[in-house]
């Protein structure tokens, strides 16, 4: 990959400023709007925030992990950083498009790279009805919540909720309940990425529900519609010996 213009993004309040200063000295970085690659230094959260901020530019992102898990990031290797970027492989992520309506009738939309989740706002369990492609699949789910995850996000919140991990090229989505109370033994569903999933919240006055797309939260929701979109693809760069597909496979074996 022939790359000449690279932009650098990092948190100016990071506790790793000494390392960041080393990286800043490696290259004459350009403005973000002029870049062919955007380097994001930090953790998965920092990367996700900046993907949402700059995905409209259609520029590939290369994450350098200075956080904890860093599932979407590359390991820090200051000496080989530029070489690793030039030799990197590309993973294409298609985000989820979420549309929500709140109790006042206001409609909002948001994109999610990892997952869309809905969850109870009070101590009472949420109740909702689930449709897939316009067909009712569950008349009532009583749970703390539910989520729809992309393959890239299937190893995040979805995995913690006992959902399955999806291969990156699977063209599938995870629909996973969060602490399901009724039906107690329902563990979710695997759906084609072309599916449209709708949650209708039941008894919203007594059992209010919030919804999030990654980190964007909306309160007092009456219904949520989720579908994958190919209109806003995100390109992530990974070291050739440390691809996202490899990480997803490794995660399934407890790696």
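The backbone N, Cα and C atoms fix where each Cβ goes, and this holds for glycine too.
Noted in Swiss-Prot for the protein shown:
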- 44: active site, proton acceptor (ACT_SITE)
- 44, 45, 49, 114, 115, 144, 152, 155, 156, 157, 158, 159, 160, 216: NAD(+) binding site (BINDING)
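Taking the features listed in Swiss-Prot, we show where each one sits on the structure.
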{"residue": "44", "record": "active site, proton acceptor", "Cβ contacts under 8 Å, 6 or more apart": "63, 67, 69, 70, 71, 72, 73, 156"}
{"residue": "49", "record": "NAD(+) binding site", "Cβ contacts under 8 Å, 6 or more apart": "215"}
{"residue": "115", "record": "NAD(+) binding site", "Cβ contacts under 8 Å, 6 or more apart": "96, 147, 148, 149, 150, 153, 156, 157, 158, 214"}
{"residue": "152", "record": "NAD(+) binding site", "Cβ contacts under 8 Å, 6 or more apart": "72, 91, 93, 113, 114, 168, 244"}
{"residue": "160", "record": "NAD(+) binding site", "Cβ contacts under 8 Å, 6 or more apart": "none"}
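Residue 158 (NAD(+) binding site) falls within a helix when secondary structure is assigned with DSSP. Counting Cβ atoms from all protein chains shown, residue 158 (NAD(+) binding site) has 27 others lying within 10 Å of its own Cβ. Residues 44, 45, 49, 114, 115, 144, 152, 155, 156, 157, 158, 159, 160, 216, recorded as binding NAD(+), reach a greatest CA to CA spacing of 26 Å. Residue environment of residue 156 (NAD(+) binding site) contains 23 other Cβ atoms, counted within 10 Å of its Cβ in all protein chains.
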